[in-house]
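The structure appears right after this line, and notes come after that.
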Amino acid sequence: MEPPTSSRLNSRKRRKDGSGPNGATELDGIPPKISRRSLGLREPAPFSDEVEIDYSKPYIRVTYEEAMRGTPLDRPVRVYADGIFDLFHSGHARALMQAKNLFPNTYLIVGVCSDELTHNFKGFTVMNENERYDAVQHCRYVDEVVRNAPWTLTPEFLAEHRIDFVAHDDIPYSSAGSDDVYKHIKEAGMFAPTQRTEGISTSDIITRIVRDYDVYARRNLQRGYTAKELNVSFINEKKYHLQERVDKVKKRVKDVEEKSKEFVQKVEEKSIDLIQKWEEKSREFIGNFLEMFGPEGALKHMLKEGKGRMLQAISPKQSPSSSPTHDRSPSPSFRWPFSTKTPPSSPANRSRNESAVTYDISEDEED
(Lines of atoms letter the chains of each structure in order from A and count residues from 1; the text may use other names and numbers.)
(Lines give C-alpha, C1' and ligand atoms only; values in the text may rest on other atoms or scores of the structure.)
Protein backbone atom coordinates (compact mmCIF):
# COMPACT_ATOMS: atom_id res chain seq x y z
CA MET A 1 0.00 0.00 0.00
CA GLU A 2 2.91 2.40 0.61
CA PRO A 3 4.28 2.63 -2.96
CA PRO A 4 1.01 3.88 -4.51
CA THR A 5 0.65 6.44 -1.71
CA SER A 6 4.15 7.72 -2.19
CA SER A 7 3.66 7.93 -5.95
CA ARG A 8 0.48 9.97 -5.44
CA LEU A 9 2.29 12.33 -3.10
CA ASN A 10 5.11 12.75 -5.60
CA SER A 11 2.64 13.45 -8.41
CA ARG A 12 0.91 16.06 -6.25
CA LYS A 13 4.25 17.68 -5.50
CA ARG A 14 5.08 17.80 -9.18
CA ARG A 15 1.76 19.44 -9.99
CA LYS A 16 2.27 21.96 -7.22
CA ASP A 17 5.82 22.77 -8.19
CA GLY A 18 4.96 23.23 -11.87
CA SER A 19 3.73 26.63 -12.94
CA GLY A 20 1.24 25.29 -15.51
CA PRO A 21 -1.50 22.64 -15.50
CA ASN A 22 -0.39 19.10 -14.69
CA GLY A 23 3.01 20.35 -13.58
CA ALA A 24 3.82 21.90 -16.98
CA THR A 25 5.83 25.06 -17.35
CA GLU A 26 5.36 27.99 -19.68
CA LEU A 27 8.04 26.58 -21.95
CA ASP A 28 5.85 23.56 -22.70
CA GLY A 29 3.49 25.70 -24.79
CA ILE A 30 0.35 24.95 -22.75
CA PRO A 31 -1.69 28.13 -22.20
CA PRO A 32 -2.80 28.78 -18.62
CA LYS A 33 -6.42 28.05 -17.85
CA ILE A 34 -8.88 30.92 -17.43
CA SER A 35 -10.82 31.03 -14.20
CA ARG A 36 -14.53 30.38 -14.72
CA ARG A 37 -16.66 33.30 -13.62
CA SER A 38 -20.08 31.69 -13.75
CA LEU A 39 -21.74 28.48 -14.72
CA GLY A 40 -23.30 28.07 -18.15
CA LEU A 41 -26.80 29.46 -18.60
CA ARG A 42 -29.60 26.92 -18.84
CA GLU A 43 -32.55 29.21 -19.58
CA PRO A 44 -33.13 32.33 -21.73
CA ALA A 45 -33.12 35.77 -20.16
CA PRO A 46 -36.53 36.82 -18.71
CA PHE A 47 -38.61 39.73 -19.99
CA SER A 48 -38.78 42.87 -17.88
CA ASP A 49 -42.50 42.52 -17.28
CA GLU A 50 -41.84 39.10 -15.76
CA VAL A 51 -39.28 40.37 -13.23
CA GLU A 52 -40.37 41.76 -9.87
CA ILE A 53 -38.69 44.99 -8.76
CA ASP A 54 -38.60 46.12 -5.16
CA TYR A 55 -39.76 49.72 -5.38
CA SER A 56 -39.60 50.14 -1.60
CA LYS A 57 -35.92 50.96 -1.88
CA PRO A 58 -35.12 54.38 -3.35
CA TYR A 59 -33.53 54.60 -6.78
CA ILE A 60 -30.06 56.07 -6.30
CA ARG A 61 -27.69 55.95 -9.23
CA VAL A 62 -24.09 54.90 -8.71
CA THR A 63 -21.28 57.04 -10.05
CA TYR A 64 -18.77 55.86 -12.61
CA GLU A 65 -16.01 55.66 -9.99
CA GLU A 66 -18.18 53.57 -7.67
CA ALA A 67 -19.14 51.26 -10.51
CA MET A 68 -15.49 50.77 -11.50
CA ARG A 69 -14.49 49.98 -7.89
CA GLY A 70 -17.17 47.32 -7.72
CA THR A 71 -20.57 47.34 -6.05
CA PRO A 72 -22.05 44.84 -3.57
CA LEU A 73 -23.49 41.63 -4.95
CA ASP A 74 -27.03 42.67 -4.09
CA ARG A 75 -26.53 45.99 -5.89
CA PRO A 76 -25.09 45.36 -9.37
CA VAL A 77 -24.57 48.19 -11.84
CA ARG A 78 -27.63 48.23 -14.09
CA VAL A 79 -26.51 48.85 -17.68
CA TYR A 80 -29.02 49.34 -20.51
CA ALA A 81 -28.37 48.68 -24.22
CA ASP A 82 -31.01 49.02 -26.92
CA GLY A 83 -31.29 48.29 -30.62
CA ILE A 84 -33.22 46.63 -33.43
CA PHE A 85 -31.15 43.40 -33.46
CA ASP A 86 -32.48 42.30 -36.85
CA LEU A 87 -30.73 39.19 -38.20
CA PHE A 88 -28.91 38.81 -34.87
CA HIS A 89 -25.21 38.31 -35.66
CA SER A 90 -21.80 38.33 -34.02
CA GLY A 91 -21.58 42.14 -34.13
CA HIS A 92 -24.65 42.37 -31.88
CA ALA A 93 -23.27 39.73 -29.54
CA ARG A 94 -19.90 41.50 -29.26
CA ALA A 95 -21.57 44.82 -28.42
CA LEU A 96 -23.60 43.16 -25.65
CA MET A 97 -20.48 41.42 -24.39
CA GLN A 98 -18.71 44.77 -24.07
CA ALA A 99 -21.71 46.22 -22.21
CA LYS A 100 -21.73 43.25 -19.85
CA ASN A 101 -18.03 43.71 -19.07
CA LEU A 102 -18.05 47.48 -18.51
CA PHE A 103 -17.94 47.04 -14.73
CA PRO A 104 -16.95 44.24 -12.36
CA ASN A 105 -20.57 43.67 -11.25
CA THR A 106 -22.98 44.35 -14.13
CA TYR A 107 -26.64 43.54 -14.70
CA LEU A 108 -27.35 43.96 -18.42
CA ILE A 109 -30.80 45.04 -19.59
CA VAL A 110 -31.41 44.99 -23.36
CA GLY A 111 -34.24 46.89 -25.01
CA VAL A 112 -35.61 45.71 -28.36
CA CYS A 113 -37.79 48.06 -30.40
CA SER A 114 -41.08 46.84 -31.84
CA ASP A 115 -41.90 46.45 -35.53
CA GLU A 116 -44.07 49.57 -35.54
CA LEU A 117 -41.34 51.88 -34.24
CA THR A 118 -38.67 50.28 -36.40
CA HIS A 119 -40.69 50.48 -39.62
CA ASN A 120 -41.56 54.12 -38.93
CA PHE A 121 -38.09 55.39 -38.00
CA LYS A 122 -35.65 53.00 -39.70
CA GLY A 123 -37.29 50.71 -42.26
CA PHE A 124 -38.59 47.24 -42.90
CA THR A 125 -37.01 44.36 -41.00
CA VAL A 126 -36.31 40.79 -42.09
CA MET A 127 -37.27 39.30 -38.72
CA ASN A 128 -40.42 40.28 -36.91
CA GLU A 129 -40.37 41.59 -33.35
CA ASN A 130 -41.06 38.22 -31.69
CA GLU A 131 -38.18 36.61 -33.55
CA ARG A 132 -35.90 39.47 -32.54
CA TYR A 133 -37.00 39.25 -28.89
CA ASP A 134 -36.28 35.54 -28.89
CA ALA A 135 -32.85 35.99 -30.48
CA VAL A 136 -31.76 38.50 -27.84
CA GLN A 137 -33.18 36.34 -25.06
CA HIS A 138 -30.80 33.54 -25.95
CA CYS A 139 -27.65 35.66 -25.88
CA ARG A 140 -25.51 34.58 -22.94
CA TYR A 141 -24.60 38.14 -21.87
CA VAL A 142 -28.20 39.35 -21.44
CA ASP A 143 -29.85 39.32 -17.99
CA GLU A 144 -33.18 40.92 -18.91
CA VAL A 145 -35.04 41.89 -22.11
CA VAL A 146 -37.36 44.90 -22.50
CA ARG A 147 -39.95 44.37 -25.21
CA ASN A 148 -41.33 47.34 -27.16
CA ALA A 149 -38.48 49.56 -26.02
CA PRO A 150 -38.81 53.31 -26.65
CA TRP A 151 -36.97 54.92 -29.53
CA THR A 152 -35.81 57.82 -27.32
CA LEU A 153 -34.98 57.21 -23.66
CA THR A 154 -36.94 59.35 -21.25
CA PRO A 155 -36.16 60.03 -17.59
CA GLU A 156 -39.33 58.14 -16.64
CA PHE A 157 -38.14 55.03 -18.50
CA LEU A 158 -34.70 55.25 -16.89
CA ALA A 159 -36.23 55.57 -13.44
CA GLU A 160 -38.73 52.77 -14.01
CA HIS A 161 -35.99 50.27 -14.86
CA ARG A 162 -33.49 51.86 -12.40
CA ILE A 163 -30.83 52.24 -15.07
CA ASP A 164 -27.38 53.50 -14.08
CA PHE A 165 -25.65 53.66 -17.48
CA VAL A 166 -26.59 53.36 -21.16
CA ALA A 167 -24.18 51.45 -23.42
CA HIS A 168 -23.88 52.18 -27.13
CA ASP A 169 -21.17 53.03 -29.66
CA ASP A 170 -20.18 56.69 -29.46
CA ILE A 171 -20.95 57.47 -33.12
CA PRO A 172 -23.78 60.06 -33.21
CA TYR A 173 -27.04 58.25 -34.02
CA SER A 174 -29.27 60.64 -35.94
CA SER A 175 -32.96 59.68 -35.94
CA ALA A 176 -36.42 61.00 -35.05
CA GLY A 177 -35.50 64.58 -36.00
CA SER A 178 -32.40 64.61 -33.74
CA ASP A 179 -28.74 64.68 -34.63
CA ASP A 180 -27.99 62.29 -31.76
CA VAL A 181 -30.70 60.48 -29.80
CA TYR A 182 -28.18 59.81 -26.99
CA LYS A 183 -27.18 63.46 -26.59
CA HIS A 184 -29.06 64.00 -23.34
CA ILE A 185 -27.71 60.70 -21.96
CA LYS A 186 -24.16 61.85 -22.64
CA GLU A 187 -24.82 65.22 -21.02
CA ALA A 188 -26.16 63.47 -17.91
CA GLY A 189 -22.97 61.40 -17.56
CA MET A 190 -24.82 58.12 -18.04
CA PHE A 191 -23.29 57.12 -21.38
CA ALA A 192 -20.83 54.18 -21.55
CA PRO A 193 -19.31 53.80 -25.04
CA THR A 194 -18.70 50.47 -26.77
CA GLN A 195 -16.90 49.63 -30.01
CA ARG A 196 -18.55 48.52 -33.26
CA THR A 197 -17.40 45.31 -34.95
CA GLU A 198 -16.16 46.16 -38.42
CA GLY A 199 -17.08 44.00 -41.37
CA ILE A 200 -20.42 42.72 -40.07
CA SER A 201 -23.80 44.39 -39.85
CA THR A 202 -27.42 43.73 -40.70
CA SER A 203 -27.18 46.02 -43.74
CA ASP A 204 -24.15 44.08 -45.02
CA ILE A 205 -26.01 40.78 -44.73
CA ILE A 206 -29.04 42.17 -46.56
CA THR A 207 -26.74 43.56 -49.26
CA ARG A 208 -25.24 40.10 -49.81
CA ILE A 209 -28.72 38.59 -50.16
CA VAL A 210 -29.83 41.25 -52.64
CA ARG A 211 -26.61 40.94 -54.63
CA ASP A 212 -26.89 37.15 -54.88
CA TYR A 213 -30.67 37.08 -55.15
CA ASP A 214 -30.73 34.63 -58.10
CA VAL A 215 -28.49 32.18 -56.26
CA TYR A 216 -30.65 32.15 -53.13
CA ALA A 217 -33.88 31.97 -55.16
CA ARG A 218 -32.59 28.92 -57.04
CA ARG A 219 -31.37 27.42 -53.77
CA ASN A 220 -34.80 27.70 -52.14
CA LEU A 221 -36.61 26.47 -55.25
CA GLN A 222 -34.38 23.41 -55.18
CA ARG A 223 -35.22 22.87 -51.51
CA GLY A 224 -38.95 22.72 -52.18
CA TYR A 225 -40.18 26.30 -51.86
CA THR A 226 -42.74 27.36 -54.44
CA ALA A 227 -42.37 30.31 -56.78
CA LYS A 228 -45.36 31.94 -55.10
CA GLU A 229 -43.69 31.78 -51.69
CA LEU A 230 -40.55 33.34 -53.14
CA ASN A 231 -42.53 35.93 -55.15
CA VAL A 232 -40.90 34.67 -58.34
CA SER A 233 -42.65 34.96 -61.70
CA PHE A 234 -43.38 31.96 -63.93
CA ILE A 235 -40.70 32.94 -66.46
CA ASN A 236 -38.04 33.42 -63.79
CA GLU A 237 -38.98 30.10 -62.23
CA LYS A 238 -38.36 28.30 -65.54
CA LYS A 239 -35.16 30.27 -66.02
CA TYR A 240 -33.88 29.24 -62.59
CA HIS A 241 -34.72 25.59 -63.25
CA LEU A 242 -32.87 25.75 -66.59
CA GLN A 243 -29.86 27.40 -64.94
CA GLU A 244 -29.89 24.69 -62.29
CA ARG A 245 -29.76 21.98 -64.94
CA VAL A 246 -26.98 23.77 -66.81
CA ASP A 247 -24.98 24.06 -63.59
CA LYS A 248 -25.46 20.35 -62.92
CA VAL A 249 -24.16 19.52 -66.40
CA LYS A 250 -21.19 21.84 -65.87
CA LYS A 251 -20.48 20.20 -62.56
CA ARG A 252 -20.57 16.75 -64.13
CA VAL A 253 -18.23 17.86 -66.91
CA LYS A 254 -15.91 19.39 -64.35
CA ASP A 255 -15.96 16.19 -62.30
CA VAL A 256 -15.16 14.15 -65.41
CA GLU A 257 -12.28 16.51 -66.27
CA GLU A 258 -10.88 16.24 -62.75
CA LYS A 259 -11.18 12.45 -62.81
CA SER A 260 -9.54 12.31 -66.24
CA LYS A 261 -6.71 14.52 -65.00
CA GLU A 262 -6.25 12.24 -62.02
CA PHE A 263 -6.27 9.20 -64.32
CA VAL A 264 -3.71 10.75 -66.68
CA GLN A 265 -1.55 11.71 -63.72
CA LYS A 266 -1.70 8.16 -62.37
CA VAL A 267 -0.85 6.75 -65.84
CA GLU A 268 2.11 9.13 -66.12
CA GLU A 269 3.34 8.12 -62.69
CA LYS A 270 3.03 4.43 -63.56
CA SER A 271 4.70 4.95 -66.96
CA ILE A 272 7.57 6.77 -65.29
CA ASP A 273 7.93 3.90 -62.83
CA LEU A 274 7.85 1.35 -65.67
CA ILE A 275 10.47 3.30 -67.64
CA GLN A 276 12.72 3.51 -64.61
CA LYS A 277 12.34 -0.21 -63.94
CA TRP A 278 12.98 -0.98 -67.64
CA GLU A 279 16.12 1.15 -67.60
CA GLU A 280 17.35 -0.62 -64.48
CA LYS A 281 16.65 -4.04 -66.00
CA SER A 282 18.28 -3.04 -69.31
CA ARG A 283 21.40 -1.83 -67.50
CA GLU A 284 21.50 -5.06 -65.56
CA PHE A 285 21.05 -7.12 -68.77
CA ILE A 286 23.76 -5.18 -70.61
CA GLY A 287 26.12 -5.56 -67.67
CA ASN A 288 25.52 -9.31 -67.50
CA PHE A 289 25.96 -9.61 -71.29
CA LEU A 290 29.27 -7.75 -71.23
CA GLU A 291 30.40 -9.74 -68.26
CA MET A 292 29.72 -12.94 -70.20
CA PHE A 293 30.58 -12.05 -73.84
CA GLY A 294 32.86 -9.02 -73.50
CA PRO A 295 36.58 -8.86 -74.42
CA GLU A 296 37.55 -9.98 -70.95
CA GLY A 297 34.31 -11.85 -70.27
CA ALA A 298 33.82 -15.18 -68.64
CA LEU A 299 33.15 -16.90 -71.99
CA LYS A 300 36.61 -16.02 -73.29
CA HIS A 301 38.25 -17.41 -70.17
CA MET A 302 36.12 -20.54 -70.47
CA LEU A 303 37.15 -20.99 -74.12
CA LYS A 304 40.80 -20.48 -73.31
CA GLU A 305 40.58 -22.94 -70.48
CA GLY A 306 38.73 -25.47 -72.66
CA LYS A 307 41.23 -25.06 -75.50
CA GLY A 308 44.09 -25.63 -73.13
CA ARG A 309 42.45 -28.77 -71.82
CA MET A 310 41.84 -30.07 -75.36
CA LEU A 311 45.43 -29.40 -76.41
CA GLN A 312 46.65 -31.10 -73.30
CA ALA A 313 44.38 -34.07 -73.96
CA ILE A 314 45.43 -34.60 -77.59
CA SER A 315 49.15 -33.86 -77.21
CA PRO A 316 51.46 -37.02 -76.78
CA LYS A 317 52.94 -37.75 -73.45
CA GLN A 318 56.66 -37.07 -73.22
CA SER A 319 58.82 -40.00 -72.23
CA PRO A 320 60.85 -39.70 -69.08
CA SER A 321 64.37 -38.35 -69.53
CA SER A 322 65.89 -41.34 -67.71
CA SER A 323 64.48 -43.96 -70.12
CA PRO A 324 67.05 -45.56 -72.45
CA THR A 325 67.06 -44.64 -76.08
CA HIS A 326 67.23 -47.34 -78.80
CA ASP A 327 68.87 -46.70 -82.07
CA ARG A 328 66.76 -47.75 -84.93
CA SER A 329 68.05 -48.80 -88.25
CA PRO A 330 66.91 -46.64 -91.06
CA SER A 331 63.90 -48.05 -92.61
CA PRO A 332 64.11 -48.91 -96.26
CA SER A 333 62.38 -46.72 -98.66
CA PHE A 334 58.88 -47.81 -99.52
CA ARG A 335 58.15 -49.03 -102.94
CA TRP A 336 54.83 -50.29 -104.27
CA PRO A 337 55.08 -53.71 -105.75
CA PHE A 338 53.47 -52.63 -108.97
CA SER A 339 55.81 -49.69 -109.49
CA THR A 340 57.50 -49.87 -112.97
CA LYS A 341 60.60 -48.12 -111.76
CA THR A 342 61.56 -50.92 -109.47
CA PRO A 343 62.87 -54.03 -111.16
CA PRO A 344 61.13 -57.24 -110.47
CA SER A 345 62.50 -59.06 -107.47
CA SER A 346 62.77 -62.60 -106.39
CA PRO A 347 60.30 -64.17 -104.00
CA ALA A 348 62.77 -63.75 -101.16
CA ASN A 349 63.21 -60.09 -101.87
CA ARG A 350 59.46 -59.74 -102.25
CA SER A 351 58.93 -61.15 -98.78
CA ARG A 352 61.53 -58.74 -97.39
CA ASN A 353 59.84 -55.87 -99.13
CA GLU A 354 56.43 -56.79 -97.73
CA SER A 355 57.85 -56.91 -94.29
CA ALA A 356 59.33 -53.49 -94.82
CA VAL A 357 55.99 -52.14 -95.97
CA THR A 358 54.31 -53.56 -92.97
CA TYR A 359 56.90 -51.93 -90.73
CA ASP A 360 56.46 -48.57 -92.34
CA ILE A 361 52.69 -48.67 -91.96
CA SER A 362 52.95 -49.57 -88.32
CA GLU A 363 55.21 -46.58 -87.76
CA ASP A 364 52.68 -44.34 -89.45
CA GLU A 365 49.91 -45.61 -87.22
CA GLU A 366 52.08 -45.04 -84.22
CA ASP A 367 52.72 -41.49 -85.32
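Backbone N, Cα and C define each Cβ position, glycine as well.
Just so you know, TrEMBL annotations are computer predictions that nobody has curated.
TrEMBL tags one of the stretches 15-42, 239-266 as coiled coil, and that stretch is 239-266. Predicted-model confidence for the coiled coil (239-266) is 85, expressed as mean pLDDT. Residue counts for the domain 'Cytidyltransferase-like' (80-208) under DSSP (helix as H, G, I; strand as E, B; rest coil) come to 45 helix, 26 strand, 58 coil.
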